[in-house]
Every structure is written in structure tokens, then in C-alpha cells.
Amino acid sequence: MYQHVQPNNTNHIHANGHNVPTKATTNGTMCANGSLGTEGPEAPETDSSGTGRMRKPLERNGSTQNHAVHLERRLGLFSGVALIVGTMIGSGIFVSPSGLLVRTGSVGVSFIIWLACGVLSLLGALAYAELGTMNTSSGAEWAYFMDAYGPAPAFLFSWVSTLVLKPSQMAIICLSFAQYAVEAFVTECDPPRGVVKMVALVAIVMILFVNCYSVNLGMAVQNVFTAAKLVAVVVVICGGAYKLMQGNTQHLSNAFSGPMPNVGSIATAFYTGLWAYDGWNNLNYVTEEIKNPSKNLPRSIIIGIPLVTLCYALINISYLAAMSPEEMIVSEAVAVTFGNRVLGALAWLMPLSVTISTFGSANGTLFAAGRLCFAASREGHLLDILSYVHVRRLTPAPGLIFHSLIASAMVLHGTIESLIDFFSFTAWIFYGGAMLALIVMRYTKPNYPRPYKVPIIIPVVVLVISVYLVAAPIFETPRVEYLYALLFIFAGLIFYVPFVKLGMTPRFMNKVTLFFQLLLEVVPTSSMAMFE
């Protein structure tokens, strides 16, 4: 239950004894949480099938133009493409090529997997485009699980994603940022681990400040850093083209000479490649802030993901034009080795490019993660305070701060390698669940409007692949970490049953919520503004 201060006496007492914010309508009646009256949500509409049946909007109750405090639609097509490209092109392409070669043992197979990861990401994103235009609420998988399966599976996703997936993703990116940033000043030995972690923490604080200060500033940073990293990608591609014109094609001529990898190795190789592509669904987390989402969401996806796939393919060819597969495998930083071989006196551009790329990717990751926290908390699946918005800046500051704190803890106690496989394994469980949700709602909600609709074969194919990506490593090389991941997912039920299903709330939580509300100057989106 929301607990907040109002400038006037328009609070009504709810049956459970808590205050419920109300506001006057044009006819003089009072509306609890803005849910009734002429200023409340739209009335049910007749569905588009011509049957005359009534349907309610699929969107979750929450931030709308009718609320004094809400998330505004400020993201256009360019910002949408920048968010996708900016979060996808992070550290992966500068680190993952060697990982793919190790797990496949073949240049040709690794290149095919790079392309297949791009195609899979595009197919998954197109399916997400249908889900995102069908329900334009923020939260991505959480909102779709609510629609298809109900609150329990949605809670499990928000539980895992808020506490593990999104923070670990940001921690990995910031550690990669710090690794490259520190390496620029350390030439004789490996950078000290403590220094790397401190730089990563500083990066998290800077990104948190940017996103808490202003949505426009956060997207401006995203746009600028995306443009900068695309310039760096062009530099790598041009350098590779120069080496190819010199006749350095020997590493590409016998691409399939190595042994074929087994089924489990291919699955784990996909994990490595898909980490570099991760972020293809981030735009779905911020659909409440996209202008004309029914058009700009699918357009951003159709432009952004093929662009990233093309960049990745050309970058891999450029790497192989400058160094052998063996040299790529032993290289700690493939992009830096490439720069030393090709760019000469301008080799310093590569570590700079990687730091720019990873900083922009971390910025986009936190931008999206805060919206998931905001959406799930608004429904009562997480702490109430995480659904509040700053009264002046209109940013979901509590959710952003919460994610940053967990990411900081992971930076202090984890490593890049220990986080990537866990992230990929767990994430694809939920990606597959989203594909199944789309298929389920084709039958359970056939009359809901779908401004963008994909052929049903697309979610089916992605669902089958996601099952393979989850099951193959377990059967091929069983590891206790996979069991820990599954146990952690279902451990969320321990908290769901008493605190969400039964609605139990510790007495002290109201005081905690009020304390942080006053400290952070935030209010629920369904309330009247505290500050004018």
C-alpha cells in the first residue's frame, strides 16, 4: 500500500487502515488512486473482431498521462535504435571472439555461430515486438508473464531479474570497462584487481547519477556513446579491410579445418556469442516512454539488430585478417592486440573505444533495469518504494539506486567469467518463457489488438532453441551452478506466498517507505504531486 504525504486532506482510509490517495473528478466525486471518474483509465472498448464483446486494455494499471507524476514518452526512433545498439555493442565483441574459438575449435563454426546468434536475437526481438505493442506497459517479460501466466511466474521473473540478471549484467559490463580503462595506464603487468574494482564502482556511481538526474540526459549519453562506438567499429572494419587488401586472407581460407564441436560445446559457445548480443530486448523495458510504440518499437528492432549483426560479422573478419586464431585465443584483449597490429601510433584508440563502448552499454542496461523494478513494484511484487518516481525529474530513482547497489556488491565479490555463464543460462529460461507466453496468448487472448504481429513459427523456433540452450549444457557437462540457478528461481516462492499472495506486510515497512520517500523526494505515479 502506498504511504506518502499529501499537501491537502484528500486521503481516504482504506479498509485495512492505510491511507489511499484520492483526487477529485470533474463531477465532484473522489477517486481512489485515480482509478475511477472521468480522469481515470479508459473505459473498456469493444474488441476488433466484430463480435461486440468488451475488453479492457491489456496494460497494467500505473503511470499514465492522467497522473500528476508519470513517466513521459520522450524516446523516438533514433533513441530506440541507440538504446538497442548501445546496449548490445558492449564488451562482448571485444572479448567474446576468443571465447567462441576456444569452445568451437573452428573459425568457420565460430563465424556461423556469430551469425546464428544475430538471427536468433532478431527473431526473439520480433516476437518481443508483438508482445510490446500488445502491452505497452514497461517491464518486458514481467508484464508478458502477468498477461499469460498470472502473478506467480511474473514474480519469479522479477525476483531473479532484479536480484541477479540485471545487476550481474551491469557488473560484468562495468568490470570490462574498468579492465580496459586501467590497462591503458598499466603496460608492464596485469592491472591490480583492487584498482579495477574501484574503477568499476566509480563507473556505476557516474551512470547512476546520469540516469537519476534526467531521462533526457540518460538518453543523450546513450546517443552520444552509441555514435562514438559505431565510429570505433568503423575503424576496426576499415583496418581489417586494409589488411585484406594486402592479401592477409590465410586465416580465412581454411575456416572449417578444425574438428567439429559436440552438442554441449555448441550450446556453451552460443552462451558466449549471445552474451555479446544481449540487450536486444532492452527497449521492451521502457515502452511506457517510447513515442508511438506500436511503430517505433518494431522499427527500432528491425534497424538496430541487423546493424549490430553486420558489425559483428565484419569485426570478426577484421580480427582474422590481422591475427591468427591461436593469437586471438591467447590474447587478453583481442581489440587491443588488433590495434597494436593495424593502427600503429593510433593503437591507443582501441582501449579508448572499448571503454566508451562498455560505458554506453552499462548506461543503457541501468536505464532498462530501473524500469523493470519500477513496473514490478507498482504491481506489489517488490517493495513499494521501488515503484516511486522523483517528483521533479520524473525518473524511477529508487529502482535505479537499488539495482546499482546490487551491481556494486557483485563487482566487489565476483569476476567476469563467473557471472557470464550463470547469466546466460538463467536468462534463456525466461526468454523461452516469453516465447511461450506469446503462443499462449494467441489462443487465450485472440481478440486483443496486435498492431505488429509475427508469424507463429518465429516464437516456436526461438522457444525450441531456448530449450536446447538450457538443456544441452546440463546433459553434456552437468555443473552444480545450473542446479543453484534453478533453486534460486524457485526460492522466490518462499517470498511470493506470504508477501504477495497473502499480502502480509511487516509493520515497520510503512515507516521505511515513508523515510526513503522523504529522503529521495519520490512519490507513487498514481498519487498527486507532493511538491509543486
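Glycine residues also receive a Cβ, built from the backbone N, Cα and C atoms like all the rest.
TrEMBL: automatically predicted annotations, no manual curation.
What TrEMBL records for this protein:
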REGION    32-66  region 'Disordered'
TRANSMEM  75-95  transmembrane segment
TRANSMEM  107-129  transmembrane segment
TRANSMEM  141-161  transmembrane segment
TRANSMEM  167-186  transmembrane segment
TRANSMEM  198-218  transmembrane segment
TRANSMEM  224-244  transmembrane segment
TRANSMEM  256-277  transmembrane segment
TRANSMEM  297-322  transmembrane segment
TRANSMEM  422-444  transmembrane segment
TRANSMEM  456-475  transmembrane segment
TRANSMEM  481-500  transmembrane segment
Recorded stretch, among 75-95, 107-129, 167-186, 224-244, 456-475, maximising Cβ pairs under 8 Å relative to the transmembrane segment (198-218): 167-186
Touch test for the transmembrane segment (167-186) and the transmembrane segment (456-475), at least 3 Cβ pairs under 8 Å: no
Contact call for the transmembrane segment (75-95) and the transmembrane segment (456-475): at least 3 Cβ pairs under 8 Å, seq gap 6+: no
Interface-richest range of 107-129, 224-244, 256-277, 297-322, 422-444 toward the transmembrane segment (141-161), CB pairs under 8 Å: 422-444
Contact set, same chain, for the transmembrane segment (224-244): CB under 8 Å, 6 or more residues outside the stretch: 82, 85-86, 89, 311, 314-315, 317-319, 321-322, 335, 338, 342-343, 349-350, 353-354, 356-357, 359-360, 363
Per Cβ pairs under 8 Å, the stretch of 107-129, 297-322, 422-444 packing most closely against the transmembrane segment (256-277): 107-129
